[in-house]
């Protein structure tokens with residue numbers, strides 16, 4: 001596994017001419033990340049992570065303040081104090097804990113292999129090791145949300161439970177074992193969650209992400225801001241500029257670890273398919289991701305990725321104005337005289353690296369607009 | 001390949017198949033060998049489900065069978081070339097009903113478009129050409145039925161042995177009777193347990209005064225006694241009486257559009273001869289045409305290049321425009337005009353509805369599709385229309401509501417179009433104070449309240465005379481229904497000790513929606529219904545109801561209603577609309593109103609939340625696909641004020657609104 005990962009990184013660095021590129025963030029983990037699965041079973045060694053980080057820093061520029069996150073579950077094996085300290089020592093500076101819930105019934109329902117007690121314990125162990133740079137996932141609208149927020153550091157992800165096809169819970173739901181709350185109840189839970197988070201000093205800076213004291217996730221913002229990213233390992237996805245075709249490319253790696261590994265050995269990479277993105281794809285993706293964040297899509301960022309097209313030339317401004325009037329969206333054309341003043345309350349959702357971009361204005365959702373953004377986006381695009 | 005011929009033995013089956021495969025390409029038929037006295041033109045008239053199509057299939061099979069059965073297997077080789085084209089229905093065909101060609105027709109068990117078929121039959125050592133002329137089996141198509149009957153000299157009146165005479169049996173009987181056709185009663189389904197053949201024979205005797213001494217008692221399904229029918233057809237129905245050496249007089253009784261060859265006309269040659277290459281002229285339009293192809297339906301088109309007096313077949317004239325083929329028109333040879341045959345009437349649509357593309361970009365494509373469909377159906381009238389709410393579309397006139405459903409289904413199935421159909425309306429006649437009058441075919445043209453009281457002296461609505469036959473036990477229910485629909489009883493007759501035949505004058509507007517369904521449900525399916533046009537009558541009690549969405553009237557949803565319906569329908573519509581309109585970003589108020597007076601109001605609260613929970617790198621492909629779908633969906637939405645209506649959702653319910 002270790003060798004294949006290293007091999008794949010080297011391959012992509014060559015293929016996409018990434019030598020010397022500065023790194024924003026690294027994230028170990030994802031739904032299908034085999035490395036994390038192995039680690040959670042106590043199999044993956046810190047040495048593997050170390051080799052990966054070494055390779056990256058040898059070819060690219062990995063600055064001190066790069067965010068290097070590792071995902072872990074709330075079970076004792078994956079969060080053993082000594083092991084976490086080892087991970088910390090090789091350079092991992094942020095931990096993402098998949099707590100999901102602090103309710104025993106929920107955890108069983110979700111098929112988690114940790115108990116509530118173990119989850120809380122993991123958090124307590126991890127906090128000092130990572131200097132409080134620990135975030136966790138929680139399904140909202142469940143009991144003990146306040147308790148979780150009390151224990152939280154400066155970042156949490158609060159999700160609505162989504163039932164995906166192929167999961168055991170989906171099958172049970174289809175069999176009628178569970179009922180899904182009504183849309184009104186869902187809306188209530190969403191609103192209450194935002195309210196409670198606020199009381200604890202957390203700001204909703206993206207649909208499901210909350211921070212306080214400026215602890216935005218750099219990595220998540222990387223996706224939303226349109227940055228290039230490489231997907232390494234089985235099942236990983238990437239979005240990266242391809243110098244050969246002079247276009248942005250989406251990459252899809254082989255899902256199954258054994259197949260991925262054997263292809264790495266054969267070809268040096270485990271990619272199963274890549275697709276070229278059109279300029280239209282790039283623009284739509286920026287708007288789609290951007291409008292899910294409170295900072296929105298800035299005019300300067302859009303221009304950067306659109307071959308110089310202005311944001312207002314691309315979107316349906318007639319619709320936008322109507323949504324602005326009804327307080328679903330806020331529009332700032334970067335002109336001082338018409339600028340909608342950002343009040344101190346608004347400022348909190350702007351990560352410091354992005355503050356500069358705002359001077360040219362942009363489009364962003366209001367809190368009310370964010371709750372229905374899936375309705376709005378298709379209507380402002382042609 | 002499915003072969004269902006239960007009566008034959010295995011060995012016979014096999015020789016049939018062999019024969020069919022070997023000889024299917026070598027065909028020729030010489031129609032000159034069939035003078036008028038060897039021809040019979042007949043139709044079958046019946047109530048829905050009395051077995052008309054099944055009987056037609058049996059006759060077609062029988063004429064194919066006959067050729068086979070009267071020639072021994074040994075003879076087959078020598079007679080093949082002559083015989084095989086004369087086999088009307090191939091053994092490849094399953095038990096399906098050949099004459100009903102539209103899916104809609106199969107689904108509903110009705111025949112909308114007449115399909116005609118020629119059969120060859122040997123009787124008393126003479127070859128006969130028997131033309132079975134199919135008639136549309138629905139009340140909407142009275143004129144078409146009458147034209148199809150005009151191409152015949154006789155008809156089989158088919159009655160179900162358990163159900164007896166029904167409204168359509170009676171209506172069709174009178175149509176045939178008034179055209180002096182020879183009417184041969186046939187009792188079908190005599191093998192059913194519920195059959196009461198003697199009672200039905202009595203009904204036929206009493207109601208129609210037909211001779212029932214040697215009446216045919218058959219089961220079309222099992223084939224029982226079906227072989228008796230054709231000899232009777234030959235013996236009782238007179239041959240066509242045309243003059244083969246006279247000037248050409250050809251009678252157009254049906255037409256349809258074919259994608260490959262254009263308009264196909266079905267004609268009965270009354271006098272003279274018609275050949276490929278002839279130049280003929282329409283008596284109605286005076287347009288001149290070349291005969292590009294001519295032949296018989298056998299059961300598909302079979303070119304004979306020739307037809308003469310008494311014969312019936314298809315003629316292809318390179319007509320490009322649908323409306324050129326006028327049902328009931330007469331054709332003659334260029335420079336040899338003749339008197340046109342009587343009975344011609346231009347199509348008279350009585351039910352109008354707006355049709356709009358769901359996606360405005362589809363307008364041009366839909367326009368072409370509608371044009372093509374009208375080629376196939378000359379009885380439809382088409383006018384462009386613009387709606388504030390729905391954009392550009394058409395106001396289309398139909399002969400009735402079934403006709404409308406058929407048209408719409410064909411548009412959707414055959415042309416893959418997504419359309420919005422507005423509430424159907426009938427043409428009202430408005431008489432003004434200054435003596436002028438106009439017909440209103442669209443609720444949006446209906447005078448508003450103040451104009452009504454200031455300038456209009458009279459409002460007239462179209463009426464129909466309905467024939468209803470109902471078993472005694474459902475009489476009360478049916479009379480209540482007619483009463484509720486402003487019906488006035490004109491006649492009441494006991495058909496026998498079990499059933500009653502009633503005649504009601506009813507406003508057409510009252511029966512264009514769900515009257516027929518209601519009638520069926522209130523009589524457990526036993527009542528039958530047919531109607532004919534009875535002109536206009538004054539009515540001062542109809543009003544225009546507007547539907548307001550967020551206070552704006554939606555022209556496409558306006559309706560003309562009777563005063564007594566306003567309260568109920570107003571409430572129902574507001575409720576139904578609030579159920580079908582999806583939640584919007586804004587609160588939506590739905591009101592129904594007469595003039596300035598609000599009848600009902602419903603409110604749809606705004607959406608509070610619609611946002612995907614997770615969206616990171618790995619989710620992007622799924623999310624982008626969803627966005628594409630949403631943008632696609634947006635095209636299907638119609639903006640009314642700030643509200644997006646996904647019209648196909650509404651539409652499904654629109655037609656149920658009364």
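Cβ coordinates come from backbone N, Cα and C, glycine included.
Here TrEMBL flags B:46-53, B:134-138, B:188-191 as GTP binding site.
In the predicted model, residues of the domain 'Tr-type G' (B:37-241) average a pLDDT of 77. Per TrEMBL, the feature domain 'Tr-type G' maps to B:37-241.
Secondary structure from DSSP puts residue B:46 (GTP binding site) in a beta strand.
For residue B:190 (GTP binding site), the same-chain residues lying six or more positions away in sequence with a CB closer than 8 A to its CB are B:161, B:197, B:217, B:218, B:219, B:224. All protein chains included, residue B:49 (GTP binding site) registers 15 other Cβ atoms within 10 Å of its own Cβ.
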